[in-house]
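J.: Quick one: this structure, given as C-alpha cells, is what I'll be asking you about.
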C-alpha cells in the first residue's frame, strides 16, 4: 500500500507534513540536479528518517550522478530507500534502476528487479534484451524477444537493434529480418544499421549491401555501418569505393568513418591514401580509437618514421597503442626496439595483455632471440596472469624451429595446453623447410592436411621441400594429389601504388599495358646484377626444369616485376612499396637487396608474415625470415 500523498512531489505517512518536509525535499532535488552526490545522499538519509519520497525524475537524476562517479554503494542505498516501507515506484523508475545495474555489470540484480515487476513496458524488455546481447548471452536475448511478444508488448526500433546484435548465425538473422519487415521497421536508420552490422559479422557482405541499397535515402549512420562492414572484413577496395560515394552524396566523415577508411588503407597497404586521411584525422587529434587506427596504418604500411611520430605525440595511450607499436616494430625488423618499448610500457604502469605478448614473442622469433623468448614465454602467467594461447605457442615454435632446435619445437607442440591448429603446424613445417628436414616436414604437413585438407600452401611448401632435395617423383605425386582433390595453388601476386593507382603483377600475366617495357628493364637489370655476382637461387624453383629454364622461371616472379615498375615510375627519393599475397622467396629476397644497393633505392616489401626494408644491400630482417 502506497503512503498517502500530500504534495505533488512529496509522500508522507504522517497526517501532517513536518515543518521541514518541503525544504528538505527542495534541498534534495537541488542537490540531485546539481550532481552534488555527498549532499544529495545526506538529504536522502534525512528523507528516509522522515519517510519522505521524491518524484521519479529526481531519483533518475541522482542515479545518473551515481553512474557518472561509479558510486555503486550510494546507488544501492538509493535503491533501498525507494523500495522501503512498502513504497511502490513507478515502472519508469524501476526501468532506471534496471539500466543502472546493467551498466554496473550487475546483471543478476537487474534480472531480479525485472522478475519482480508487476508491470513491464517496452523499455523494461528492451533493457534486458540489450543487456543480454552485450553480455554475449545471445540465446537469452532471443528468448526474451519471444517472451516479450507473448506478453503482448510490441518491440520498437531499439529492441530490434539490440536483439540483432545477438544473432550469431545467418539463419536466425534472416528470420528476424523477416519479422522486422512485417512490422514495418526495416526502414528505421538504427534497425537498418544493426542489420548491416549483423550480416557483415555473419560473413554475408552481399546481404549487408542489399540492406544498404534498399534504403532510398541514405543516412549518415547507415553509411558508416556499410563502410565499416567492408573495412572490418578486409574488403578494402569496396570500403573505399563506398567512402567515395558517401562524399559524393554530401556527407562528411566523422571519427567512425575515418577509422574504417584507415582500416581499408591498412589492409591494402595504401600509404599515400592513408596520409591523405591523416589530414582529416587532425581535427579529432584527441580521439584514442582513431589515433590507434592511424598508428596501425603507418605500422602496417611500413612507415615506422610516421608511426613513431604519431606514438610520441599521443596524449593518451592505452594497451592497444603500446601493443600496436610493439608489433609494428617487430614486424618491420626492429625487434630490439620492440623489446625496449615493451620495457618502457611496463615502467609506465600499463599492464600488457594477450596481444602485447604475441608482439613481444614475434619480435624474439624474427630476431632469433631464443633465450629472451623463453624468458618472456615462461613469465607470462606469473608476471601478468596471461595463459599462453595458440599465438604465443606459434611464436615460440617458430623461434625454436628457425634456430634449428626442431626437436624442442616438436616437444613444445606436444606439450601445448590447447590443441595445436593448422597455423602451429605450419610454423613447424616452415622450420623444416629452412633446415631441410624432410621427415619432420612430412609429419607436419600430414597434421595440417588433417585439419585443412584444401590447404594449397601446405602442398606447395612440401613440394618445395621435395624439389630442394631433387625428389621430383615426390613433387609430381604432390601435384597429382592436388589435382585429384581439386586443390589449386594461389598464384603469386604483387601490388604497387603509383600515382594513386594500384598496379597488380602476377607470374605469367602479360595484361599490364607496359609489360614489354617492364620485361626489357628487368632483363637489363638482371644482366647488370649478374655482372656484380648475382646467381639466381634455383632452390626456389618448384618445377623439374633444366639450366636456363630454371633461371627464367625465377626471373618473372611478381615481386621482381613490381620492383622494376617502381624503379621505372617513382622518383629516386621515394620508397618502392610493394604488397604481396605470398611469402617472399629467397631468390627475390637476394634480388631486392642487390637492386636496392645498385640503384640506391629503398624497397619495402610486405608479405603475409612481415615487412622487408631493403636498403644499401641489406634487409631489415637480417636475412632471418
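Using N, Cα and C of the backbone, Cβ positions are placed for all residues, glycine too.
Remember, TrEMBL labels are computer predictions, not curated facts.
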J.: When TrEMBL marks a stretch as region 'Disordered', which of 1-23, 24-46 is it?
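T.: Per TrEMBL, the stretch marked region 'Disordered' is 1-23.
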J.: Checking distant contacts: for the repeat 'PPR' (219-253), what same-chain residues at least six beyond its ends satisfy Cβ-Cβ under 8 A?
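T.: Sequence-remote neighbours of the repeat 'PPR' (219-253) are 189-190, 192-193, 196-197, 199-200, 203, 205, 208-209, 212, 259-261, 263-268, 270, 273, 280.
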J.: Treating G and I as helix alongside H, and B as strand alongside E, what does DSSP give for the repeat 'PPR' (121-155) in helix, strand and coil?
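T.: Output for the repeat 'PPR' (121-155) reads 26 helix, 0 strand, 9 coil.
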J.: Over the repeat 'PPR' (219-253), what is the model's mean pLDDT?
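T.: For the repeat 'PPR' (219-253), the model's average pLDDT rounds to 91.
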